[in-house]
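Notes follow once the structure below has been shown.
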C-alpha cells in the first residue's frame, strides 16, 4: 500500500513539473504559426485567382454580362410599371369622361375623386336602396311583347321613343291612336316638335337636351379637403343615361275641325278657344337611354355623331292628363282640401302658378301666365272679387274671399275660396305682387257652411261701377260672345287694370302731401268725419280734409263724390292758420281736367307758402266759391 501511494505522488509531481508544460506550450505555438501560415496562403491564393480572372478576357466578359443582366432586369421592371401606370391613367381618364359630375369640373381631378364620383354615379343609376337586374324585373313566363302590352294597358297611354338630338320620333306604340287619333305610321320618323304646342316646345327641348352635368351635392377633394369647384366648361354636353324625366306638354289631336256658325266673327278669344280644342295635355314619364348605333338599325345615310357616342333617346309613356274635379263626400271623413298657390301682378295678371293647379283647373301654368284672373271669374262674382282686390292693395292684412266660381279648361266652373295678401317692397314702399292661396270648396261645405272662413258682404253693383258708363251699367245686359262659354264677362280683363290705376293714382296724390311722407302709401284709411258746420260733409272750413271714398268700403259706406286728400291746418298751413279754404264744392259736374289742375296749383301754392318759398296765395283761379 505504501508503495502504491508513493507511485501516485510521484506521478502527480511529474505532471506538475515545468518541463512538460514548456513542451505543451511549445507545441501550441508551433501549431498557431502553422495556422497563420495556412490563412495567409489561402488569402494570397484567392487574391491571385481574382487577379487571374480579371486578367482573363473570358472572366471579364462573364462579369460584364452579369452586371448587364441585373441592369436589364431593373429597366424591364420599370418599363412594366410605367406601362401599367399609363394604362391605369388612361382608364381613369376614360372613366372621368363617362361620369357627368367629372365633366363639370374645370380642373383635372385626382384618381380617388374620380373613383368616388363614379361610385356615386353608379348608385344613382341603379338605385342604392332597391337594386335589381334585368333578369328579375319581369316573370319568366312573360315575353317582352306581352309585358309591353300589359304596361300600356295599365298605364292607359302610349309608349314612344324620341331622339334627343333632333326630337325625331323613333318609335311609338299603336295605342297612340286612342289618344291622339294618329296612326303609328303617321308619327314614326316625324319630328316631335311639329306636334307640340308652340309654348311647350322650349320645355320639351329642355327635357331632351339637359344633361345632368351639375352635381347635386358638394364634392370634396381627397387631397386638399376643400370643396371642388363646379364650373361647367363650354363644350358638347353628354347626356346622362338613366336620368328620369317627367313633364307635361300639349300635343296635337287629329280631331275633325268644328264648324263655326258665325264666320264673320274672328276674335282672339275664338282663336284661342279653337287652339285649345285641337290640343290635349299629355303627361310624359320616362328616362334617358343610350343605344349603340349598330343596334338601332338606323339609316346609313344619317349623319354620324361627332364624337362617335351612343345614340341618346328618351323612352317614355304618354298618358292623357285629366284634371281632378273633387266629388261631394257624404261621410264624416275630413281630408285635406285641394289647393294651389298663384301670384298676381297688381292688375290681377298671373305671374306665377303652382303646378298643383294643373290637377285642379286642367290648365298648364304657361296657359295662365300673362292672363288676367278676371277672365276666369264668374260674372256674378266679379263685383265681390273686385272689392277684395281693392282691399288687398290698400291694406297689409290677409283678405279672405267668399266662395266664387272659377272657369276651368273644359268650360265648366268649380268653387274656390281664396286668401289674398299683398307683398310690399320694403325699399320702394310699393306693392309688387299679390299672393293668392286658392282652396277647392266641396258641395257639402257650401250647404252646411264653414265657420273657419270669415264672410264678406258682396256688392252686386260694384262690377258695373268698375266699367265706364259707355261699357257697362247696372241695367246693361251681358251679351253672349261666340266661342266663349257662358258665365264669364267679355272684357273683364280690364277691370284689374282699372283698379290698379285707381289705387296708384290715390297713392300718387297722397304721396305728394307732407303729412304722408313718413307713412306708407298703403295706409289709406277713411279720414275723420267732417266738421259739424259743414252741411252734408261737402264744405270744409279752416283747411279741413274732405272725406276720401275708401276703395275698400261697401256701397252704403262710400262717399258719393270723390275728393282730394288735403292735410289738416296743423300740417299744411303750419304757422299760418288764417289761410284756409272755406268751402269746396264736390259736385259731379265740377270735376274736369281743368278744375283738377287748378286745385293742384292752389295746393302747391299752399305748400310753398307754408315753406316760405312763395308769396301770398291767389284763390281767384279756384273753380269753387270761397
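A Cβ is built for glycine as well, from the same backbone N, Cα and C atoms used for every other residue.
Positions annotated as compositional bias 'Low complexity' by Swiss-Prot: 17-32 (among others).
If you look up Swiss-Prot, you'll see 36-41 marked as motif 'Nuclear localization signal'. Taken together, the residues in the motif 'Nuclear localization signal' (36-41) have a mean pLDDT of 49 on the 0 to 100 scale.
Of all Cβ atoms in the protein chains displayed, 10 besides its own lie within 10 Å of the Cβ of residue 77 (site 'Interaction with E-box DNA'). Among the features that Swiss-Prot reports, site 'Interaction with E-box DNA' is placed at 77 (among others).
Taken from Swiss-Prot, the feature site 'Interaction with E-box DNA' applies to 80 (among others), supported by similarity to another entry. Under 8 Å, Cβ to Cβ, and six or more positions away along its own chain, residue 80 (site 'Interaction with E-box DNA') finds no residue.
Taken from Swiss-Prot, the feature site 'Interaction with E-box DNA' covers 81 (among others). The Cβ of residue 81 (site 'Interaction with E-box DNA') lies under 8 Å from no Cβ of any same-chain residue at least six residues away in sequence.
Within 10 Å of the C-beta of residue 85 (site 'Interaction with E-box DNA') there are 10 other C-beta atoms, taking all protein chains into account. If you look up Swiss-Prot, you'll see 85 (among others) marked as site 'Interaction with E-box DNA'.
Feature annotation from Swiss-Prot assigns motif 'Nuclear export signal 1' to 142-152.
Among the features that Swiss-Prot reports, motif 'Nuclear export signal 2' is placed at 361-369.
Annotation source Swiss-Prot lists domain 'PAC' at 401-444.
Under the heading compositional bias 'Low complexity', Swiss-Prot lists 511-521 (among others).
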Nearest-integer angstrom distance between the alpha carbons (Cα) of residue 85 (site 'Interaction with E-box DNA') and residue 77 (site 'Interaction with E-box DNA'): 12
